[in-house]
Amino acid sequence: MCSMRGTFVLLCVSLSLLHHTKSQLPPEGDSLTECTDGYEWDVESQHCKDINECQTIAEACQGEMKCFNHYGGYLCLPRSASVITAPEPSSQSVAILPVESNEAFIPCPVGYDAQGEDCVDMDECVLDLHDCQPSQQCVNTVGTYSCQCPDGYSKIGIECVGETALSTSRFTFFIPLMRLFTLCLFSILSSSSLHYLRILPPLFRSLLPDIDECRYRYCQHRCVNVPGSFSCECEPGFQLAGNNRSCVDVNECEMGAPCQQKCYNTYGTFLCRCEPGYELGPDGHSCNDVDECSYSSYLCQFQCVNDPGRFSCICPEGYQLQGTRLCQDVNECETDIHQCGEGQTCINIHGGYQCTDSNRCREPYVHVSDNRCVCPVIKPECRDLPFSIVHRYMSITSERSVPSDIFQIQATSVYPGVYNTFRIRSGDDIGEFYIRQMNNISAMLVLARAVTGPIEYTLELEMVSVNPLMSYQTSSALRLSVFVGPYTF
């Protein structure tokens, strides 16, 4: 028995000497003193303590902003903002702190919860927000809590050890030795880190209660406690940093994010976006083509064609695209793409062209110049016919607004004492046109009703000239071919 007692004493003394020697230098691999950003290790409390950046960072807030310290960071608020300072601990059982209604809302001090406009004492013991050891009892106090040992236990280091924890009827003689060893061991652990547990045999290590390191906020996101150790985990979108405690953002866009077109990395996640002409699908990853043509019938003057990621406008035959959306008539007569033969004249109309005979004079008229025919007075049949006929051509669009002036008639010769009148001699059977005389020598042909093409009208407009002093009357005609195009452009 004496030999075994000497062995325990020697082990305890050896551990004490080892601790004394090791404490002169930082223990290798001891990372339990590392804290996340915004916290620093407090040697006295052996916990991570918040850093007051308002004191450590010069000019943390600029301009009219004032620095307010916050857990793990700080806030920049207007200088007119007010704060609620933490109350001094007192023996009174006052659990409610009033919040002045004229002050800006600031989170309650540590140990209190905001309920309406009041700060109510938080029961850390019930909410499991304390850091008492498993062998200790948590006792709530105003604004804080305390860790106490239950009856029959004594606090050794940071643990509570029962007076009869190791007593058995068979090994009663081990009690003083094990108590000495326990006192020695917890004395070492209470002033150092768990680094020294690694040098203990598994038999003695199993006699010690597990310490929940997760209570000390070693991990930035999630902490997983395991017997004798712990590990840190990160939320989705983050990964452990090199210190195995902090979490850094993962750039999913560089790691094969499922975005079909564009990927934008954000803090803790990513966003998928699409090229112009596409919209994001319901899954948030794929891009679907947008059918712009279905949104409006006014995107194109004639017809809209949807293409992947875009749309285009097309024009009917006889027209060409002007810009990106409008259609313009192609003048086939000027571009020499018509098929008019010899002795014919090419007449351009909306959406096409017409080939007409260069000489359109019919008996008894005689062709005297381009588009002009004359009926000689020496011919008896010319007595009741207009003296001359001039051929003209014009083209208008469909559904033209009415009434609309479309053609002006002008007398080419003016004689003193002659009065001229204008009329539609033929071609307007249903009254779609009328003549508006403007003065003695000119008149306007007016479209009276909207017409839809393609259709052709041949109107014979007559000017009758009368000289009452000489009892003289004559007339001349203008044969106008009006081509109505198939479209409104």
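From the backbone N, Cα and C atoms, a Cβ is placed for every residue, glycine too.
The disulfide partner of C263, as annotated in TrEMBL and taken from the candidates C253, C274, is C253. DSSP states for the domain 'EGF-like' (249-288), grouped as helix (H, G, I), strand (E, B) and coil, give 4 helix, 16 strand, 20 coil. Across the domain 'EGF-like' (121-161), the DSSP tally of helix, strand and coil residues reads 0 helix, 18 strand, 23 coil.
Cβ neighbours of C263 (disulfide bond) (same chain, under 8 Å, six or more residues apart in sequence): E252, C253, A257, F270, L271, C272, R273.
Distant neighbours of the domain 'EGF-like' (249-288): 235-239, 308-311; these residues of the same chain sit at least 6 beyond its ends, with a Cβ under 8 Å from one of its Cβ atoms.
In the structure as shown, the Cβ atom of C253 (disulfide bond) sits within 10 Å of 16 other Cβ atoms. Per DSSP, the secondary structure of the domain 'EGF-like' (210-248) breaks down as 4 helix, 15 strand, 20 coil.
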